[in-house]
Every structure is written in structure tokens, then in C-alpha cells.
Amino acid sequence: MYDWPYPISLTMIHMAFCSTLAFLLVRIFKIVDAISLTRDVYVSSVAPIGALYALSLWLSNSAYIYLSVSFIQMLKALMPVAVYSIGVLLSKESFKSTTMLNMITISVGVAIAAYGEAMFNGWGVMLQLGAVLFEATRLVLIQILLTSRGISLNPITTLYYVAPCCFVFLSIPWFAVEFPILRGLSSFKPDFMVFGLNCVCAFGLNLAVFLLVGKTSALTMNVAGVVKDWLLIAFSWSVIKDSVTLINLAGYGLAFLGVCYYNHCKLQAMRAKEMQKKAAEADEEAGRLLEEPRQVEQEVNAVERR
């Protein structure tokens, strides 16, 4: 609609805006406290996450050039499959045949949706699948590199550290792919209203995602993502006039049921873990209460002997 198909440049503008705003909030206005990270921690933990985030954003934004909004949301249903598979490979998840069968069901549903897609484009599908793969790897690495070390970043400090790193990594393909083309566009005049509102939306989106995961859990994010996907499919069909076929909906419906079952199993596992933790705390408290009378009795006996 705007005839500006340069996803790397757009993503870099987003990251520059997020970096600047996060810097102002942390260093100038001091709304949140800066978390001090050593250079070794930043290079070994934050930099890989920023690199994967840059690749994910680059590929996912590029996919919109070739695919419809509705079909991209259907392909994103593969996220639990990618997260679980990478988690198993990196020993963060235990392999279960029932869970793998559920992952296969989701994959089959997405395959059916792809078969019924009227605007199918192989290159666009590869870009979106690559984005899903990098995003899933980033989510798993956050658990391995940050959570395991006890590093907890709030939404603003996450943007403060990750956005500049993401910008630097995006600049590498930008100089090779888009810079030579943009240098020759002498007639292009950016609409600051359009780009400004776009940056504000990008900052709000990143802030909302990090805040949601920080205040609730990644499971809540997955559940909310399912609702968001249906809303975007309805929006693209009714407003943007994307073509959505019955085969599309049937395939995505199957994948949707698989994602819902996966989230249900995750929720049950979280509840069981919380109950075990509460039971262990109750046993520890009961043991402490039983131990106190014995200690008192021993002290009384010691006094009487004296």
C-alpha cells in the first residue's frame, strides 16, 4: 500500500526508536533502575539473543511482501512445535510421545492450511518458517542464558539492552542488501507521520510482550497469541480483503485445537508443579513445628540437670 518494501530498514528504524526511548527512560528520566551486566555476560548471553531476535524480525517482516496476513498467522501456529523440538534437542524439555503426536497434529493442520492457500508463495513460506525457527531458538536461549543465571530484566531494561544489539546485527545485512538500493532512491521522501506512528506501535508491542511474559508467563503469552491470530485472520479477511478459503480455515482449525491442547497440558503441568511445591513447603513447616517441642524439652532437661 505504501510501496516501500524494505523490511530491514523498517526494522532498524523500530530498533533505533526503541533503543533511544529506552535509554531516555533508564538513563535520563530514571523511571526504572538499570541492571548492571558485565561485558562477558552481555557478549555471552544478551548478544546471541539479540542476533536471533534480529534474524526473526528481518525474516518475519520480509514474509509480508510475499504472503497474506491471514496465512502468516496460520504459519505462526508452528511456534509450539519449534519451541518444543529445540527444547528437546537442548535438553530443556523431556521427550514425550503424546506431546510429539500433538506436535505432528499441529504440523498437519498447518500443512492443510498451506495446501488451501490461494496466494501461496514458496519463498515467503521459507522466510516465515525461518522466522519461527529463530524466534523459538531465542525463547529457549532466554531460559538457558538468562533465567538459569538468575538474570531478570524488566520490559524497559530488556529493550535497553536487546534493541541496540539487534540494531547492530541488522545493519550487517542492511549494508549488503538494502543500502545500495536506497542510495539510488533520490526521489523518496519519508512520511514522518506514518513512520513515527509505526515506531510508536513497535515500541508498544515490544513493551506489551515483555510486560505480559514478565507479569504472567510464556504460557499466558501463547494463549493470548491464539486469540490474537484469530482476530488478525478476521481483520485481514474483512478489512484488507485477503482471500481465506475453507481449506485454510479447516487446516488452521486443526492446528488451533492442537495448540489449545498443548497449552492445556502446559497449564496442568504448571499447576501440578505448584501443588508439589506447596506440599513440600507444608511438610517442611510441619517438621519444623514437630522439632520445636523436642528442642524445648531438651533445653528443660539440660536446665534440670544443672
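Every residue gets a Cβ built from N, Cα and C, even glycine.
Features reported for this protein in TrEMBL:
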type: DOMAIN; residues: 5-263; note: domain 'Sugar phosphate transporter'
type: REGION; residues: 284-306; note: region 'Disordered'
type: TRANSMEM; residues: 6-29; note: transmembrane segment
type: TRANSMEM; residues: 41-59; note: transmembrane segment
type: TRANSMEM; residues: 65-89; note: transmembrane segment
type: TRANSMEM; residues: 101-120; note: transmembrane segment
type: TRANSMEM; residues: 126-146; note: transmembrane segment
type: TRANSMEM; residues: 158-177; note: transmembrane segment
type: TRANSMEM; residues: 192-212; note: transmembrane segment
type: TRANSMEM; residues: 219-240; note: transmembrane segment
type: TRANSMEM; residues: 246-265; note: transmembrane segment
What same-chain residues lie close to the transmembrane segment (126-146): Cβ under 8 Å, and 6 or more beyond its ends?
-> 44-45, 48-49, 52-53, 55-60, 62-63, 66-67, 72, 75-76, 78-79, 82-83, 85-87, 90, 92, 152-153, 218
With Cβ distances under 8 Å as the criterion, find the stretch in 6-29, 65-89, 101-120, 246-265 that has the most pairs with the transmembrane segment (192-212).
-> 6-29
Positions on the same chain near the transmembrane segment (41-59), where near means CB under 8 A and six or more residues out | 7-8, 11, 14-15, 127-128, 130-131, 134-135, 137-138, 141-142, 145-146, 149, 151, 161-162, 164-170, 173
What stretch, picked from 6-29, 65-89, 246-265, has the most CB pairs under 8 A with the transmembrane segment (101-120)?
-> 246-265
